[in-house]
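According to Swiss-Prot, the protein carries these features:
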type: REPEAT; residues: 109-132; note: repeat 'HEAT 3'
type: REPEAT; residues: 174-206; note: repeat 'HEAT 5'
type: REPEAT; residues: 215-251; note: repeat 'HEAT 6'
type: REPEAT; residues: 365-399; note: repeat 'HEAT 9'
type: REPEAT; residues: 403-443; note: repeat 'HEAT 10'
type: REPEAT; residues: 445-484; note: repeat 'HEAT 11'
type: REPEAT; residues: 529-572; note: repeat 'HEAT 13'
type: REPEAT; residues: 697-740; note: repeat 'HEAT 16'
type: REPEAT; residues: 747-786; note: repeat 'HEAT 17'
type: REPEAT; residues: 792-858; note: repeat 'HEAT 18'
type: REPEAT; residues: 907-939; note: repeat 'HEAT 20'
type: REPEAT; residues: 947-987; note: repeat 'HEAT 21'
Amino acid sequence: MSSGFPPEVLSPLLNLVQGLSSPDNTVRNDAEKSLSSDWISQRADLLLNGLAILAYQSEDPAVRSFCLVLCRRISFRTLPGDSELEVFSSISNESKQSLQSQLLACFVKESVPTVRNKLCDTIAEIARSIYDCQGEWPELINVIFNAVNSPDESFRESVFRTITSLPRLLSGQDSAVTPLFTTGLADPSIRVRISAARAYSAVILESKQSTRDQVIPLLPSLMNILPPLQQDRDSDNLADCLMAITEIAEVFPKLFKPIFESVIAFGLGIIKDKELDNSARQAALELLVCFSEGAPAMCRKSSDYTDQLVLQCLLLMTDVAGDPEDEAEELQEWLNTDDLDQDESDANHVVAEQAMDRLSRKLGGKTILPPSFTWLPRLIPSQKWSERHAALMAISSIAEGAEKLMKKELSRVLDMVLPLLADPHPRVRWAACNAVGQMSTDFAPDMQVKYPSRILEALVPVLESPESRVQAHAAAAMVNFSEEADNKVLEPYLDDILQRLLTLLQSPKRYVQEQAVTTIATVADAAAKKFEKYFDAIMPLLFNVLQQADGKEFRTLRGKTMECATLIALAVGKQRFLPVSQELIQILGNIQMGITDSDDPQASYLISAWGRICRVLGSDFVPFLSSVMPPLLVAATSKPDFTIIDDEVDESKYSEQDGWEFIPVHGQQVGIRTSTLEDKCTATEMLVCYAAELKADFDPYVNEVLTSVVLPGLKFFFHDGVRSACCKCIPQLLNARILASNRDPAKVNELWEPILRKLLDHIQNEPSVEMLADYFECFYQSLEISGLNLSPSSMEALVAAVDLQLKGFISRVQQREEEAKNGDIDIEEDEDMILAVENDQNLLNEINKTFSVVLKIHKTAFCPFWERLLPYMDGFLSGNDTVAKQWALCMMDDLIEFTGPDSWNYKDHFLPYLAEGIQSSEPEIRQAASYGIGVAAQHGGELYAEICSSALPALFKMLELPDARDEEQIYATENICVAICKICRFCSQRVQDLDKVVTYWINTLPVTHDEDDAPYAYTFLAELMEQNHVAVASQMPTIITILAETFASGVLRGRTLTRLMEASKVYLARFPADQVNSVIATLSVDNQRALSAHF
């Protein structure tokens, strides 16, 4: 075996191996140095071959195993001083062939299963490297196919283990694949059958289609492995096999279509089988749930899938109580624990909750609600606390996916949930808090607007529960409710809420204190100025926590307290905060100077806290920048923490609580520390805050932030939040430079030119639709702020990028339509599809805004470039996709608005669609078309006057629709109202019976939602009142009602509001006071207050 290998090498090599495995740190460190400097650098070929020989010759299985692991690890290390070249690639071809031969000899000889496993892993990785370099290893193929017939089951198992690691081994062996797996899946040894199942899954997932086609017919044989495992109660192997099948189902769910009903029946049988371990039952649940994500239509068509799976999920969710004899002890343990983050992810009830959430989000409310609400009304009043708990957690789980339909029945759902906030069992009350919190997020703002009293009157008393965990969860639910609540909703309850939260702040449980502080912060944020009365009582308590709560265990509490104090400062405003601001700044400065540990959570809280203080103090914060910016820049420029470990290595030092997440790659675990990514994102967001708030005062930092943080951050692909924050930072940095330099062209261009190059590159090449929208938003905001002209080459690059992205949009739309046609997806129910459509719509909106700004700056000079996109606009306008048609109409609207009469040159492309669009059944199309008619009247000149005036009958007709003022229609309705206003103002000579038309128009008011268009309507109304036009003179009660609703809505501000108020005073003064007052008396109290506040 070792023929030709220098024997004098083996002895020192064996010593090296023994040194590397020594428990003595000194011995091991010396061996590692020798490995790198003496062996890898000088004798890599002898090292790898020697390890293989020792793996063959040694009588000690532990030595053989370790040599094989070393051989694999070292082969794929990079050489010292060369970051590209791996050790295996660096050795000669002769040495490679020798190593291959030695490994195959080991394969034939090795008899210990655990060592064989290490050997297979090493062989697979060496083979992968050979194949990646277009090499071949025919001897391995021969050994593999010979070993499948070995009488030794460990040899047969090794065949499939090797194939699992490297399915490419079977490339070009199509004729032999079917017999190989037919034999393996029917092997008498369960170990071999399980190994064959894993290999089958890998081949399906990673092989070419020709190889895949050979094994697909064997899918029933794969499934046939399962029943004997269930019969034998072999839970571990059953779970392994189910996981291998799940991997196939996740990618190719439709392969199971011919046997889907059988798969459902078997999977449900496993879930029901309480004699099996939870691992097997959960694996079966995972298999069935994954079909909802990959083939929702197939699941909807099954008669049993949803009904039976929901029932089994609910039954698993009742598995929260444990054994009756242990129930009291387990409850006490649950109540007493201080570790609220303890991992329950493998508990049946948690797995089932997650399954319900996934089913709801993928199948939608129409499918998931009927079976759910068949059982929930029976579980809610159950005598068993575990069933009441399951019902509440089920409501929490399905709320997001079934949001639209559940909102319609929200009152009835609250009837089920709210009484259980007073349940005698603490875990039920905890679950009720959980449901209220989840619903407050998923059903916002309906929960806060329609049912605030019912919710708060039930939730606030739970803050006084005797159990700390229930108190904390009630406070957490209050956070969710308050985040979406108006301060008017909270005001009547603030005394009760804060009195209880301040009591919780004195709790002996630190997690209760932390939650109380967080909730106070959120309530303050929502209450805004209404929180002022509590400022003097609460701030000293928070300062005391920051100064007195010492020790590592209090770091998170202090961090949350920083958050609370600075959110309160934001809520009450600068003048109220100013007297205590220096004290808080001093406290935070001391904390910052005391941070020495890299994992101290206070550091990330400080980053945000300084940002909030900056927002409150504005330019008064500038003196503190020199202290705040250095650690902020360190965090914003930080690199991600990576590690690569082998499967055998203990992962405990890379815990999830420390922010580590791992994915398996080629037999190794690749980890990234996500907590550092979040800190980097927060730091970048704070730079946006500083630049936006301090403006010119931030200019000394602009260059450094741009070059070291923002431009590199645009391609920080590990975290989209970082890239998004960088996009938001660019316009603010430009604005800071513009203000500081008094628009000095040289200084502004110094910043703008590298930004422009980067942005044009990203909007052309970025694959993420969501990020593309951010890049376009950054582009047009930067242009708008700077007012800089684009060069012809930049205009060309912009249009070329948009051309490419529109092609991508069309492709995605076509794919969704094809999938919907085939029944693969339900675009209205599938949450992922809804999000994909929203992302595309958002992207088109941002592209439209980009062109709007470019047209506004360049006018007709941009038209030759804009014209390149006419084929897309023509296609979208004549097509049926609402999103695309709306985008094309908006593009035409901007053309009319910013090029005026010159837009007439393109009239044939859009005029028919404007006329057609104002009568569309789709509100988005009506809104875009009516806006176009309005801007044509305002900016198009005489060429458009006749067309605009002739549109009036159709416009008025659409305002008469019974649902014209419904939530989904209101913006279209208000755009039509404003379009009529513009026609009357700018095309009055073409309008027949103008006074009559204006009188009708008055009755289409008010405009209370569209803040962009409202000024046009109310400027016209003010003119009419100033002129005492007949249309207003004869409609005093109507005018008063319009004014009251307008003022109450807050839709107007600035000069338009001032002018309307002055015109209203003059107008109403023309009428007897008693007549005016009698009309006002008929208004609602809120509208009366709004009128009073504006006169």
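Each residue, glycine too, has its Cβ placed from N, Cα and C.
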May I ask for the residues of the chain that lie six or more residues beyond the repeat 'HEAT 10' (403-443) and have a Cβ under 8 Å from a Cβ within it? 320, 331, 334-335, 365-366, 369, 376-377, 380, 385, 388-389, 391-393, 395-396, 450-451, 454-455, 458-459, 461-462, 465, 467, 469-470, 473-474, 476-477, 479-481, 483-484
When each of 109-132, 174-206, 365-399, 697-740, 907-939 is checked against the repeat 'HEAT 18' (792-858) for Cβ pairs under 8 Å, which one has the most? 365-399
Sequence-remote contacts (6 or more beyond its ends) of the repeat 'HEAT 13' (529-572), Cβ cut-off under 8 Å? 487, 490-491, 494, 498, 502, 505, 510, 513-514, 517-518, 520-523, 580-581, 583-584, 587-588, 591, 600-602, 604-606, 608-609, 612-613, 615-616
For the repeat 'HEAT 11' (445-484), distant same-chain residues with Cβ under 8 A (at least six beyond the ends): 334-335, 337, 340, 407, 410-411, 414, 418-419, 421-422, 426, 429-430, 432-434, 436-439, 490, 493, 496-497, 500-501, 503-504, 507, 509, 511-512, 515-516, 518-519, 522-523, 525-526
Can you check how the pLDDT averages out over the repeat 'HEAT 16' (697-740)? 96
Summed over the repeat 'HEAT 6' (215-251), the DSSP helix, strand and coil counts are 32 helix, 0 strand, 5 coil
Summary of DSSP states over the repeat 'HEAT 11' (445-484), given as helix, strand and coil counts: 34 helix, 0 strand, 6 coil
